[in-house]
Amino acid sequence: MTYPVIRELPPEMRPRERMLKEGAGSLTEIDLLAIMLRTGTSKVSVLELAAELFSHFKDLRALSQATIEELSQIKGVGPVKAVQVKAALELGRRLAAMPAETRVIIRCPEDVCGLVMEDLRDLDREHFLALLLNTKNQVLARETISIGTLNSSVVHPRELFKVAIRRSAASMILVHNHPSGDPTPSREDIVLTKRLIEAGEIIGIDVLDHIIIGDNKFTSLKSKGLI
């Protein structure tokens, strides 16, 4: 198979540009390796060079086990490119060797309260947070979406779901504090929550609940039947 020279490809078809636009998951192994190699030679495009490496070593595992000397023997690679490839593969190996992170599982509103109460109960301004969850209701991240005033916070669906998409969240639980200490939801709280639930349904990220934190007490809008 013949691969084109990168500069001859339309911008939207080039590996680096595609990765910036669509993410690494959209690229083939040859595309990713071409990005690592950066350039080809005067006779071979970087995509052809990447394909030649995979052809020689058969698969990613064999490529990762190759020594710098073995990589350097491929025409067009050389020691500099061999080191670049080996360094990137070593990072991947170390990541795979890391112990699995122990993540908190959210089973009920009390679990949420236990995570955020001490941080939010005494704040003098409203902080709007999202707990981003995976498909097993494990917490992937806790993100502060906005910081408002004494009695209000402005939350744009765009900003909320941009964070959730970036973290590959399957669902989320919304949290914000009432500096007054009273966790009773306002009409605005309920309207905003319903709006965010609707946005989540369109995007495919479920908003499971909205917890309001007061002074050592909280309200779950879902438990109260308000959403």
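Cβ from N, Cα, C; glycine included.
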Review point. Considering the Zn(2+) binding residues His176, His178 given in Swiss-Prot, which of Asp189, Asp206 is annotated for that site as well?
Key: Asp189
**Study point:** Among His176, His178, the one of these binding-site residues whose Cβ has the fewest neighbouring Cβ atoms within 10 Å
**Key:** His178
Practice item. Could you give the residue numbers and ranges of same-chain residues that sit at least 6 residues beyond the motif 'JAMM motif' (176-189) on either side and whose C-beta is under 8 angstroms from one of its C-beta atoms? Key: 120-121, 123-129, 150-153, 210, 212-215, 217-219, 221, 224, 226
**Study point:** Chain-internal residues, separated by at least six, CB under 8 A from Asp189 (Zn(2+) binding site)
**Key:** His176, His210, Ile212, Leu221
